[in-house]
């Protein structure tokens, strides 16, 4: 059915946009999901089709009529869908009453069938990210967090001052993102939505719109596009936000449909939320600079009239020209200072007002108190002089210069804080913008290719990667071979060969040949996205030491205001009681004015911002530095614990060793042929998933196929998981025995492959010559595997897992750092001690089952020691979780992110040193930050109060106090930025590390 132009009339939002986002926010949740109040047993929800609505006024009229009915709990009207969603009490109002109410105001109404639950939003919570503007210190953060946590439906809320971001976990059936934004804005802060983990929303940049008709055509096409739930087009930013049903429409199909329906005139680009955030940060810095420049120009003009003009007779005479009750110079000073105070400085009054509204205080309150006192005193002095003829000195230049220096500090602070978030920006830049999609026919033949946005890649897509370009997403090579630079993931600069069946990571660089890859992880599931998310989460987190700053912030401003009042009263009373001579007073001044300047300086010089920024900025820089060095840190809590680590517990296999077990020895102690022996053992181990089993199977296969290289090659390509081994014997009743080995039956006879415990429990005798041979293997750091057939021990296999080359030097380095290394393994004691001896570990726990590793960790924690666990991140999750600091070591794909506090992206033990060393240096920097922030306030406040004036005649004018306050927070941020110069310890200098006893 054709859509009339009347149906295309849309509701504008704030005069800037249009779309299916009427004034009643959160419409999608109300129209497509049951209202949360409707979950009550005595409430009912229906949808009514409404005909005749042409504009927002019509929908408002319908909504008002429905909400006016007694018993209606909630009513929402969707203009474009021509529907009304009503939740009501059926004991008070009937369906017919609702329909009649709509018809009584001139519209046609029809009761619709009960809404299907197939398209309702899934239950559970969403995690939304919001930018929050206007926060200046820890008190603001506490205020916003408190407001968010009190909202119904909000499970968790974390706000970061350094990034001006808030992360909120909420139930979308109870509260919408618009409600969250409104709550923040009602508290006086600025807020905007960035992104969430919902999968049914897409933000697109639209190019090619030249007229209003283009917008109407776009909106008309969206209205009839099946699967589109809701959309909003911002005419200013040219951004299109679409909510759609992913079961009916994929994101790429949605973009293709929109572009094709507009005959290719419009081009759509998926907006990256991080790019949008970066542009907002840049805009904020630019705006702050413009305010500072304007304030500086006007403030310098005030100073020019007071300092320079008296030296120029012509200008001085003009300023002395009387214009009404005041001189021209007074009028100009008043006017310029007023612009600075209330136009340029409006942001401080707004911020102070919202802080007081929420029952808190912050730095803006101090700025407003100081500048207002100086400004309004000056105005009063002028008016008093005009009335009485007694002229007191004015301090317009103090209020103007104070705001100027505060704005300068804010601008420099925004630049410095921008530097602290460089890590995420660099990671985002790694993500490719586009990808080449190969188009295949039904037979699988490539018939063409097209360039698509990398954010529109879907699982299963076959993508072409040209030499010199970035791999578009995580996937598997299906054609070609090339070398890929994976340094962004592993930190290793050496290129890695990629062939068919090799896995690739999105964002890495293809160096030489062309590749065809099949996408298997896209969007937020890719390694790069997980790294970005982990770094972002770390920067949002708070270290426990931050609680100190939060406490200080809660009492700081009231304390400073109290000190300021005491300063005013002290100097004033001392003056009128003769405590100091009148010569100290300024020309035409009095005791009150003299005392007031000291009080203003006290209020202005105090700075809680520096304390609030001391920890988060250092944590932000540290997480970024760690990411650049292949060490992903979960947050400030992990950093604080890691710098106190006393014990580091290493898993042996895959952590201290390379995790590549190989059979080095196979000795037969019976009349069985060597080939038959290996076939028997391989057949028994073929069904096992243990790494040692795979090593045995590979060893036997190579021996078996010496005469058939082609088959060996084919088996190698297909991997060890292949079961097409014709040479293996039939096995029955297979069972794996944890901590012992495997058992099965071959040709009706029992086969055991495992350790001594397995043999003894099955009453298999171990001859002395076999025992001596196994002892020799174990003493040479190899694992001896015993094999019995029909209750007779027939042979032994020696398996070796080479140590990592850096293991010994890292262990020695940790000892030099004052950290005690411990090795835990499920292997036997002789092998464990032999391996430990090679790497220099004296404390060994052997024959420990995987579940028992956590118990070992707890035994070291009994005395309050901080224990770190380093594991391969696959089967060590319980131990990683039990440790104070869990470090998952891996290649960046199979890592236990949930269990670990640190993720070491490279399989290199040096990163354990890096993690601990970086943590120590970070908290050393945090302590210095607190020293700077605390010392500044401890020294500057007494000086501003005038303690040095009686003897040294040293005082801090208000505008100088403002400059000091502005620079204090910048100093702390710059101190944190020094962490960017961090260089991880090298192997050549590792052994020179000494214990820091401070």
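In case you wondered, yes, glycine gets a Cβ from its N, Cα and C as well.
Automatic prediction, not curation, is the source of TrEMBL annotations.
The annotation domain 'HMA' is assigned in TrEMBL to 44-110 (among others).
Applying DSSP to the domain 'HMA' (126-192) sorts its residues as follows: 22 helix, 24 strand, 21 coil. Annotation comment: TrEMBL describes 126-192 (among others) as domain 'HMA'.
Tertiary proximity for the transmembrane segment (291-319) is limited to same-chain residues at least six positions away from its ends with a CB under 8 Å from its CB atoms, namely 327-329, 332-333, 336-337, 339-340, 344-345, 347, 396-397, 400-401, 403-404, 407-408, 410-411. Feature annotation from TrEMBL assigns transmembrane segment to 291-319 (among others).
What TrEMBL lists as transmembrane segment is 331-353 (among others). If one looks beyond the transmembrane segment (331-353) by at least 6 residues along the same chain, the residues whose Cβ comes under 8 Å of a Cβ in the stretch are 134, 136, 188, 291, 294-295, 298-299, 301-302, 305-306, 319, 323, 362, 364-365, 367-368, 371-372, 375, 378-379, 382, 394, 396-397, 399-400, 403-404, 406-407.
The feature transmembrane segment is assigned by TrEMBL to 365-387 (among others).
Sequence annotations record features per position, and here TrEMBL assigns transmembrane segment to 393-412 (among others). Long-range contacts of the transmembrane segment (393-412) within its own chain (CB-CB distance under 8 A, at least 6 residues past either end) are made by residues 285, 288-289, 291-292, 295-296, 298-299, 302-303, 306, 330, 333-334, 336-337, 340-341, 344-345, 348, 367, 370-372, 374-375, 377-378, 381-382, 586-589, 593, 597, 600, 604, 957-959, 961-963, 965-970.
Annotation comment: TrEMBL describes 548-572 (among others) as transmembrane segment. If you look at the transmembrane segment (548-572), the same-chain residues 6 or more away from its ends with a CB under 8 A from one of its CBs are 137-139, 141-142, 360-363, 365-366, 369, 591-592, 594-596, 598-600, 602-603, 606, 608, 611-612, 614-615, 930, 941, 945-946.
Residues 136-139, 141, 161-162, 362-363, 366-367, 369-371, 373-374, 377, 381, 392-393, 395, 398, 402, 413, 549, 552-553, 556-557, 560-561, 563-565, 567-572, 575, 584-586, 926, 929-930, 932-934, 936-937, 940-941, 943-946, 955-958, 960-962, 964-965, 968-969, 971-973, 976 of the same chain, all 6+ positions outside the transmembrane segment (592-614), place their C-beta atoms under 8 angstroms from a C-beta of that stretch. Marked as transmembrane segment by TrEMBL: 592-614 (among others).
What TrEMBL lists as transmembrane segment is 928-950 (among others).
Residues or ranges marked as transmembrane segment in TrEMBL: 956-979 (among others).
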Of the residues in the domain 'HMA' (44-110), how many are helix, strand and coil by DSSP?
22 helix, 24 strand, 21 coil
Across the domain 'HMA' (44-110), average pLDDT on the 0 to 100 scale:
79
